[in-house]
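Peer 1: So TrEMBL has the following annotated:
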type	residues	note
TRANSMEM	12-35	transmembrane segment
TRANSMEM	65-85	transmembrane segment
TRANSMEM	92-111	transmembrane segment
TRANSMEM	117-138	transmembrane segment
């Protein structure tokens, strides 16, 4: 007899909707974090800050602040995983999917794969942060105590 506790029903529509939602969260909050960083240093906003690998770098203040925005965005996306995916086992899957589509977007924007080591390092670090923190938050929710007694206690 198979148990139905925590059974997982494969729902492709739900998965696609969650992927689209996580992409929206990723780019929306990355845009907000970059706008906040740009307002601090009085820099102009551009789509290149999101998709160009040349912007991320340790040499300039703008590059370091952009990298900080990417790291803060990974924390925000971990909260998105917690609110919308809600399964610790799927956090790594959705994290890799979000960053894979970001890499494809960067590839299309630049007409070639990103060549800068700093781009690869920051994306791997952000992927690790997003997956680990998202999984921690989801597991904390999943392991929360389930109340068993629903009625008043009786003395037997």
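Positions of Cβ are set from backbone N, Cα and C atoms, glycine also.
Where the annotation comes from TrEMBL, it is an automatic prediction and has not been curated.
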Peer 1: Within the same chain, where does the transmembrane segment (65-85) have neighbours whose Cβ lies under 8 angstroms from its own Cβ atoms, ignoring anything closer than 6 residues to its ends? I mean 6 or more beyond.
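Peer 2: Residues packing against the transmembrane segment (65-85) from afar: 18, 21-22, 25-26, 29-30, 33-34, 36-37, 40-41, 49, 55-58, 91, 94-95, 98, 118, 122-123, 125-127, 129-130, 133-135, 137-138, 141.
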Peer 1: The transmembrane segment (12-35): which same-chain residues, six or more beyond its ends, come within Cβ distance under 8 Å?
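Peer 2: Residues 45, 49-50, 66, 69-70, 72-73, 76-77, 80-81, 84-85, 94, 97-98, 101-102.
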Peer 1: For the transmembrane segment (117-138), what are the same-chain contacts with Cβ under 8 Å, counting residues 6+ beyond its ends?
Peer 2: 53, 56-58, 63, 67, 70-71, 73-75, 77-82, 85-88, 91-92, 94-96, 98-99, 102-103, 106
